[in-house]
Amino acid sequence: MSDIDIQRETWATRAGFILAAVGSAVGLGNIWRFPFQVGQEGGAAFLLAYLLFIVLVGFPAMLVEFVVGRHTELNPVGALRAVGGGTWTYVGWIFIATGFVVLSYYSVVAGWTVRYAFLGLQDGYLADAAEAEAQFVSLASGLDAIFFHALFMAVVIVIVALGIQQGIELAVRLMVPAIVVITLGMAAYAFTLEGAGEAYSYYLSPEWGLFLTEWQSILPAAAGQAFFTLSLGMGAMITYASYLGEDQNLAEDGAIIIGFDTGIAFIMGLVVFPILFTAGIDPADPGAGAIFVSLAAAFGDLALGWLVGFVFFTTVAIAALSSAISLMEVVVSYVIDERNVDRKIAASVVGAAMFVLGIPSAYDLVLLDLIDLFADQILLVLGGLLLMILVGWVLPDLAVDELSRGIGDLGALAPAWIWAVRIPVVVVLIVALALGILEYYEFLTGEFAEWIADQ
Ligand code: PFF
C-alpha cells in the first residue's frame, strides 16, 4: 500500500453520486432482460414479485454496499480488509474478479448495440425474422464483434481515466438525463402505434395461472434480476459510495436510485412491446438475441423503422456505457488504492486486459455464455452473499452507525434493515446460488459439451 497520503477524489455534488449510481443500475439488464421476463413469466404477476424483491432484497442490500463504501472510503479489497480483515478480504477479491470478468463480455454485447445503431444509418434492418437472425449470428461473433468491443472499451477507458469528477460525473450528467428523455419519447411514440393496446394488455395483465404453476422458477428469476439490475454483488456500489465525501441520507439516495432503475425498466416494456405487436412479431419466444433479432426485425417492418432503431440502439449503448464505467471503476480503484498506480495508466492497463479477456466472447456465442453464466449466476451471487453475511451477522452495529450518519436516529428502521439483510436477503441469495450452480452444471454437461465435441 502507498505510504504517501494522496487526497482521494470525491463526487462534486450529491446529484453526481446519485446519477452515477443510476447510470450503473440502468443498463442492458433493464432494456434487454426485464421487459421480456415480464412478458414471459406471468405479466403483472411477475412484476409484483419483482417489486417485492426490489424492496425486500435489493434495497437493504444496496444500503449494505453503501455503508461499507462510505465507512472505509476504499476500493472493495481495501474495504473488506478494513471492516472484516483476515479471510473476509478475499470477498473483496471476488468483487474485483467479478467486475473484471463481467465487463469483458458486457463490452462485447455493448459493442453489438453500437453496431446495430450504425446498421440503422447504413442499410436499415431486415424485416424477415430468419434473415435478421442470420445477420445477428454473423455480426455477433468474429472480427466485426471484436472491432466494436474494442471501440466500446476504448470509450470506457477514456471516461474512467479522466477521473471521478472530470470523467464519470461529467459523463453521467449528460448520459442519464439523455436516457430518461429518450426513453420517455420512445414510449410516447410507441403509444401511437396500432399494436399498442394489444401490447399493453400482454405486458400488464397478470397471468396468475402461470404464476401459480411455475412460481418455483419465476421467483428466483425475479430475485436474480432484482440483484443484477441494481448493480449489486460486484462492489460497484461500494466503490461509488467510497467517493462520498460528506454525510448524506443514504436511504433516501437508495430509494431515488431504485425508483429510477425500476421506472426505466418498466417504461422500456411500454416501448418494446407495441413495436413488436405492430410488426406482427410474437414476443413470447425472444431467444438469446431478443433485441437484436425480433426487435431488429420489427424495426425492419415499421415505417421509418431505421430511425426508430437507430435511436433505440443508441440509447441502449449509452445505458450500457454508464454501467460499464462503474464496472471498470471497481477494478481501477483497486489498482490505484492498493498498487499506487496513476489513474490513467490503471484505466489503460485494466481496459486492455479486459479487452483481451473479452475476445473469446466476441469470437463465439457459446464462449460468451460460458463466462456470462459463471460470472452472473455464481461469482456475483457468491460475493453478494458473503458480504451480506459479514455485515448482517458480524458487523450490524458498525452498519447501523454508518447508516445513521446523515439521517440521525434510525429508530425501528435499524432492526428492520438488519433483519432484512440477515434473513430474506441471505436466504434468497443462498437459493439463487444453489440454482445458479445447478444451471451452470447443466450448461457445462449439455450445450458446452456439445460445442467442445464439434470443435
Ligand atoms: N445494472 C446493470 C444492468 O442492469 O445492466 C448491470 C451491472 C452493472 C451489474 C454494473 C453490476 C455492476 F456492477
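Glycine residues also receive a Cβ, built from the backbone N, Cα and C atoms like all the rest.
It is 218-243, from the ranges 114-139, 218-243, that TrEMBL records as transmembrane segment.
Outside the transmembrane segment (378-396) by six or more residues, the chain places 61, 64-65, 67-68, 80, 83-84, 88, 91, 94-95, 97-98, 101-102, 224, 227-228, 232-235, 418, 421-422, 425-426, 429-430, 432-433, 436-437, 440 with a CB less than 8 A from a CB of the stretch. For the transmembrane segment (348-366), same-chain residues at least 6 beyond its ends with a Cβ under 8 Å from one of its own Cβ atoms are 100-101, 103-105, 107-108, 111, 137, 140-142, 145-146, 149-150, 153-154, 156-157, 160-161, 288, 328, 331-332, 335, 341, 372, 447-448, 451. Within the chain, the transmembrane segment (44-68) has long-range Cβ neighbours (under 8 A, six or more residues past its boundaries) at 37-38, 79-80, 83, 204-208, 210-211, 218-219, 221-223, 225-227, 229-230, 232, 235-238, 241, 250-251, 253-255, 257-258, 262, 266, 384, 387-388, 391-392, 398-399, 402-403, 417, 420-421, 424-425, 428. With pairs at least 6 apart in sequence, the transmembrane segment (88-108) and the transmembrane segment (171-191) have fewer than 3 Cβ pairs within the 8 Å limit; the two do not touch. Among the recorded stretches 146-164, 218-243, 255-277, the one sharing the largest number of Cβ pairs closer than 8 Å with the transmembrane segment (88-108) is 218-243.
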